[in-house]
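Enquirer: Quick one: the structure is below, and I'll ask about it shortly.
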Amino acid sequence: ARKEKARVSCSLPESSWEERLANAVTPLWRLPYQEQLQVKYESQRKILQTLASHLEELGIDAQKPGGLCCPLQPVVPSPIINGYRNKSTFSVNQGPDGNPKTVGLYVGTGRERNIVCVKANHLENIPSKHKQVAQCYEEFICHSPLDPCILFHKGGHWRELVVRTTRCGHTMAIITFHPQQLGQEALATQKALLKEFFTCGPGAVCALTSLYFQESTMTRCSHEQSPYQLLHGAPHIFEELLGLRFRISPDAFFQVNTAGAEVLYQAVGELCQAAGDTVLLDICCGTGTIGLSLAHQVSKVIGVEVVEKAIEDAEWNATFNGISNCEFHSGKAEAVLPQLLASWEDARPLVAVVNPSRAGLHYRVVRAIRNCRAIRRLLYISCKPEGEAMRNFLELCCPPDPRKKLAGEPFAPVMAIPFDMFPHTVHCELVLLFTR
């Protein structure tokens with residue numbers, strides 16, 4: 001992927017709604033990219049200092065130079081700085097001009113009751129294709145007689161828009177709709193109008209590969225709770241990553257920065273130090289990207305993922321790419337993993353890679369990893385290491401505790417490498433290597 005210089009643009013009017021949104025979503029947007037990386041390095045350094053302090057409280061001598069729990073490498077830059085996101089979620093709400101059908105991102109909070117939905121056309125992390133689809137969706141709902149669904153109990157129908165794109169040139173749009181009291185005939189009419197708009201009308205300019213519709217009565221619904229209905233095009237979009245081809249379903253997890261993911265996964269492969277007889281345990285595996293990209297290095301990959309459709313994608317991805325040494329398990333990691341590891345008798349070396357959501361790993365997952373003696377090396381990939389992941393780090397490293405059923409030898413952090421997967425924001429992906 002081609003490297004781009006971060007554009008330092010101060011052309012937004014002071015205290016304009018556009019500036020407020022840029023400051024909320026991409027707070028580092030004014031800084032040259034090298035300065036952004038330095039800001040992120042300092043924030044990760046503080047996180048490792050905090051972890052070291054917590055470990056000291058547990059009686060573990062974890063202080064390294066600089067008060068860190070382990071050496072911290074420089075932040076690995078993103079190959080692409082602007083327009084890197086392959087997935088964007090847009091809300092529908094009242095805009096600064098009073099338009100209740102504005103499609104954009106929120107400024108303000110529900111608690112303060114000052115939420116305003118601002119168009120995202122100026123944000124540097126969102127690609128132009130996503131902005132185009134959002135603009136077309138707004139045009140469609142503005143001409144619709146149906147109201148937006150801003151508060152569920154007050155009625156209305158039009159809700160979120162998710163746009164996913166790939167480097168293969170594919171675009172998927174997923175429209176969330178609250179059915180309220182509409183019957184099947186009225187719902188069918190709305191779906192037909194949407195399809196017509198995006199295939200024959202003004203929305204055809206988006207050249208959608210897939211158009212999905214989801215009837216959702218909750219803030220978020222999985223496919224199992226409320227199926228994604230394909231209105232037009234192909235059921236999946238495809239991405240190429242490290243020479244492999246991946247199929248992506250509407251709700252499957254895929255790293256939001258594809259070029260950055262390639263750099264991250266290559267580093268994970270090196271950190272695993274996996275020999276030819278190694279078994280790789282890929283926990284929270286999504287569509288199988290990590291495991292499949294490392295399958296050629298190891299004797300076997302075992303993937304675990306809660307999203308059923310993502311597992312279907314992972315199995316398809318393995319077959320399509322001619323990879324036969326992978327097995328994938330669908331279900332909550334806290335239910336699947338303890339069963340997998342409790343009876344583990346394989347003599348081959350076992351390396352674990354975990355890539356959970358911001359909520360971190362369930363305690364039963366950590367306990368299963370701790371109590372499996374075969375796991376000597378663990379890579380924890382976290383997009384929010386200062387949050388629930390910190391609890392996981394302490395559970396992995398604390399002394400054995402019979403009351404908590406933590407019988408296994410503790411892990412110790414030995415290296416940390418931050419990857420800038422989210423330029424212009426304060427976030428990055430931290431890879432922590434634990435061994436024992």
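All positions are counted from 1 along the displayed chain.
For all residues, glycine too, the Cβ spot is worked out from N, Cα and C.
Curation does not apply to TrEMBL; its annotations are automatic.
Quick paste of what TrEMBL says about this protein:
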type	residues	note
ACT_SITE	CYS383	active site, nucleophile
BINDING	GLN255, GLU305, ASN355	S-adenosyl-L-methionine binding site
DOMAIN	277-340	domain 'Methyltransferase'
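Neighbours and distances for these, please.
Expert: Sequence-distant neighbours of CYS383 (active site, nucleophile): residues of the same chain at least 6 apart with a C-beta under 8 Å from its C-beta are ARG358, MET421, HIS427, CYS428, GLU429, LEU430.
Counting Cβ atoms from all protein chains shown, ASN355 (S-adenosyl-L-methionine binding site) has 23 others lying within 10 Å of its own Cβ.
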Enquirer: Can you name the residues of this chain that are 6 or more positions from GLN255 (S-adenosyl-L-methionine binding site) yet have a C-beta less than 8 Å from its C-beta?
Expert: ALA261, LEU264, THR289, MET421
Enquirer: Using the centroid of the Cβ atoms of GLN255, GLU305, ASN355 as reference, list every other same-chain residue with Cβ within 8 Å of it (recorded S-adenosyl-L-methionine site), in sequence order.
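Expert: Near the S-adenosyl-L-methionine site, the remaining chain residues are PHE253, PHE254, CYS284, CYS285, GLY286, THR287, THR289, ILE290, ILE381.
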Enquirer: Within its own chain, what residues at least 6 apart in sequence put their Cβ under 8 Å from the Cβ of GLU305 (S-adenosyl-L-methionine binding site), listed in sequence order?
Expert: PHE253, CYS284, CYS285, GLY286, ILE311, ALA314, PHE328, HIS329, SER330
